[in-house]
Amino acid sequence: MGSEDHSAQNPSCKIMTFRPTMDEFRDFNRYVAYIESQGAHRAGLAKIIPPKEWKPRQTYDDIDDVVIPAPIQQVVTGQSGLFTQYNIQKKAMTVGEYRRLANSEKYCTPRHQDFDDLERKYWKNLTFVSPIYGADISGSLYDDDVAQWNIGNLRTILDMVERECGTIIEGVNTPYLYFGMWKTTFAWHTEDMDLYSINYLHFGEPKSWYAIPPEHGKRLERLAIGFFPGSSQGCDAFLRHKMTLISPIILKKYGIPFSRITQEAGEFMITFPYGYHAGFNHGFNCAESTNFATLRWIDYGKVATQCTCRKDMVKISMDVFVRILQPERYEQWKQGRDLTVLDHTRPTALSSPELSSWSASRTSIKAKLLRRQISVKESRPWRKAEEERRREPTRRPGPASHRRRSQPKKSKPEESRSPGEATAGVSTLDEARGCSRGEAMPEDEEEEELLPSQGHEAEGVEEDGRGKPRPTKARNKKKTPSPSSPPLLSAPPALFPTEEVLRPPPQPKSPGPAMGPMAAEGGPPPTPLNVVPPGAPVEEAEVRPRPIIPMLYVLPRTSSTDGDREHSAHAQLAPMELGPEEENQAQAGDSQGTTPFSKLKVEIKKSRRHPLGRPPTRSPLSVVKQEASSDEEAFLFSGEDDVTDPEALRSLLSLQWKNKAASFQAERKFNAAAALSEPYCAICTLFYPYSQSVQTERDSAVQPPSKSGQRTRPLIPEMCFTSSGENTEPLPANSYVGEDGTSPLISCAHCCLQVHASCYGVRPELAKEGWTCSRCAAHAWTAECCLCNLRGGALQRTTEHRWIHVICAIAVPEVRFLNVIERNPVDVSAIPEQRWKLKCIYCRKRMKRVSGACIQCSYEHCSTSFHVTCAHAAGVLMEPDDWPYVVSITCLKHRASGAGGQLLRTVSLGQIVITKNRNGLYYRCRVIGTTAQTFYEVNFDDGSYSDNLYPESITSRDCLRLGPPPEGELVELRWTDGNLYRARFISMATSLIYQVEFEDGSQLTVKRGDIFTLEEELPKRVRSRLSLSTGTPQEPSFSGDDVKAAKRPRVASVLATTTEDTGRSPEYLSFMESLLQAQGRPGAPF
């Protein structure tokens, strides 16, 4: 392997293919270092074709009964080479059932001439016939005796996560299985923590891969941010959601280098740190994958971006890697002064002195522990009974009750426990062994105690009943398996194989029963999925290292598709106490300052490579049929009626309505005022609510200077100008935005309009003093928008020689800019008749006839309609959305109901509120007491977290006297098990607790989120269970028309009766009044 020239280093960054000999194939870590020395890592992806004599499994004829617990249906939306993928969880099925489904006429691979033809059909039909993917299945198809390139036992430095931190993350440091069909897809992403990954295609149709070199990964991220601004604003690392698909045509168009390759059955694919990759399956197949790491990865892991919007994403503490393998940089790294510069061209080193020292210390202690374990095991006669019990045929498991793992529990004596019991999620191995239906699960079968291994293995050991729970989220909920799930395999799972040099002498195995009708006659069949045959001696299974995650053998979870709660399910595994001699050895061998084995607890977590999602309920061009009566109930404000001071409001708005005489001077006042308030651009104000401008001006006593000529960052993503209507190009080849993302602000010499040059489409050489907008250049002093009822603001000419607000052209989905760079002319011919007929809830009573084209709330099938400028003046939230949904619009009703605790009104003592009583019904009650409790959120070193930590639990700081620690500070805390742990402080939250009294005198303590004031709109679930009476004499005091109104099918919105109503908002009135009273004060551009 060392004869090749290393100087080339793959400068073209193309995907390389390697064919190792059997001798080269034996050492996984050495071969990975070799292929990097050849430059394979520069492509981000490499193919390895193993030797012909190597086989991971003798036959795959016996896996049809394996359960796929949570298949996902992949729904894809989008167009023009840009797509978003949503995963919807489906019911469990067996591999046999999935095979028949994949080969059915509906889901089978289409006829094609070659790969190019199949690839065209994939991208052309991506949004049709959503396929089903059997993804994220914990387990392995490798036979027990396979030592080379065993995905479940790669022996890389990633094993430190388990050995030193006691953390097993399913799919990251354990294998995952994937059963695919035609068109099942993995979207663009890098691995969690930018790790390596390995993928082996066991059998079936090929799998196509696309890869982008790591040195060009930032370019893909910038392109994705432009296409999907909504997602990028919500999470900087949104590509880790694995929902974004970008076609090769788009990549070519924007000059992003990529390569493609096809993986055949029996081949390995390896992805490298920060290598973006995506791909799809050609038909029914089965693959197995996991993550691993090398010394080169450590620097990548230290700077890897983290998803900030989902707490269940995979996080690995880099502390152990830096402390042990980079000790000279550890102190600087802890202080944030270790500046890491990644070199994507540098290959990895095979080993280092620090790694060799750590491996040697672990191997020495492991040998002593293994010898002690075997001797202790042989002295226990009750093992025979356990062995006999394991030999019994497996019955179909039924539901079992589960203890909340977050609470400490009483342990039974050591002799009452059985070996090899492990948990994964909410399932135990005893479920796979056939617990009878309705039988209670014994406490001693809920947890297994493990010791971390030394070197590259972990050893299963006996429990002593003294384990305590690991700090984790206290509100972790467990799911109960469904009794109607498919049957399981007929043999219990075993543990992973250990190193051959440490195995006890092999015992002869008796033939086990056939696993299925396809098993060979006359002899024992191949061992399926690491299952120990019933006749195998129990000693062999007991010295296997870590508990296999038994998802292949347990009932599937059939709970809701809420991915957040499912991800958080994990099992607690308690430690074993060592004897004096072994404990001394463990302490002595802990030269690197790692956690003592006797105190380490193993925690199993669930990772989801394909997170669940919810697709949009309608297309961007759809128009929901308007329900006038419903809108009138929700919005009584007409723009001039139903207000406390009609004359004041009429004077504020009269000059700008189109049914009044045009006033160019009034428009100048609007534009001039807008130029002095954030965001200083009459077009960017679309995504900047009025309330923000009002608050800014109230907080500032000094009038801000003019911003004309300054460079600021536009709020309107370039995609918003291009994705409307029939545009097929998502982004223009160039725009007037600088390399730093800023654009100059320019002001019209006549109408005082101020805009970004890029937003209005002005070439840089024309952005200077004396510039005039299109409307003033045409001397169209009375120009008005053809899509709304308000004058003023930034206008552009249409193809029909009319005028249109630029913000109206952006927000109305059918409108498109013919010249995207210059933002004109604008084509409105594609607007459907249904949209022209929609009535604006804000101005329909003011205007004598329906005019303009309305937009609608984006929330599901909400039919609330309004003109763009009316909605903006009313404070309706509008935000950038992902392609092809240009703008996300949330009406005031759904904004209030979806904001959660952020918009909750203050509840005072003595106030009448509505809450749920113990009988499940909702009643009126009175608040008689209130208190507040402060909780801290912290992240532990092993990646777990807690968001309900009491301040007094922190021991390294007197939080009750000094307050919370600074964000990001390392603290020491005492957990519920009495032990001290280190964690990083994240944030502080205060929860309000209320004491309420019902009409019958009963009292209840409830949280603020469970209380509804009389002014709030009641959710449907509350209205359906709202009771007018508790059967007490005090009923009349709480009855009335307002209570009866709450029982109507649709309740009048809070917006019609409180100051949240746009027309009655004091902030809204004062802001609008400021527009006309004096020039130079902040105002609202239209």
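Using N, Cα and C of the backbone, Cβ positions are placed for all residues, glycine too.
Going by what Swiss-Prot states, the Fe cation site holds His189, Glu191, and the candidate of His41, His277, His282 recorded there is His277.
For the Zn(2+) site, Swiss-Prot lists His241, Cys307, Cys309; matching the candidates Cys235, Cys286 against that entry yields Cys235. Between the listed ranges 719-777, 896-954, Swiss-Prot ties the annotation zinc finger to 719-777. Counting same-chain residues at least six beyond the ends of the zinc finger (782-815), those with a Cβ under 8 angstroms from any Cβ of the stretch are 620-621, 656-659, 662, 664, 666-667, 670-671, 682-683, 685-686, 716, 720-721, 724-725, 753, 755, 759-760, 773-775, 823-832, 835, 840, 843, 846-847, 851-853, 855, 867-870, 872-873, 878, 886-887, 889, 1085-1086. For the zinc finger (782-815), the predicted model reports an average pLDDT of 89.
Here the zinc finger (782-815) has, by DSSP, the following mix of helix, strand and coil residues: 6 helix, 9 strand, 19 coil. The secondary structure of His241 (Zn(2+) binding site), as reduced to three states from DSSP, is helical. Around Cys307 (Zn(2+) binding site), the C-beta neighbours below 8 angstroms that are at least 6 residues distant in the chain are Cys235, Ala237, Phe238, Arg240, His241, Met313.
Highest local Cβ density among the binding-site residues Cys235, Cys309 belongs to Cys235, counted as other Cβ atoms within 10 Å over all protein chains shown.
In the zinc finger (838-895), the DSSP tally of helix, strand and coil residues is 11 helix, 12 strand, 35 coil. When Cβ atoms from all protein chains are considered, those within 10 Å of His241 (Zn(2+) binding site) total 20, not counting its own.
Highlighted in sequence order, Ser231, Gly234, Ala237, Phe238, Arg240, Thr308, Arg310, Met313 have their Cβ within 8 Å of the centre of the Cβ atoms of Cys235, His241, Cys307, Cys309, the residues recorded for Zn(2+), and are not part of that set.
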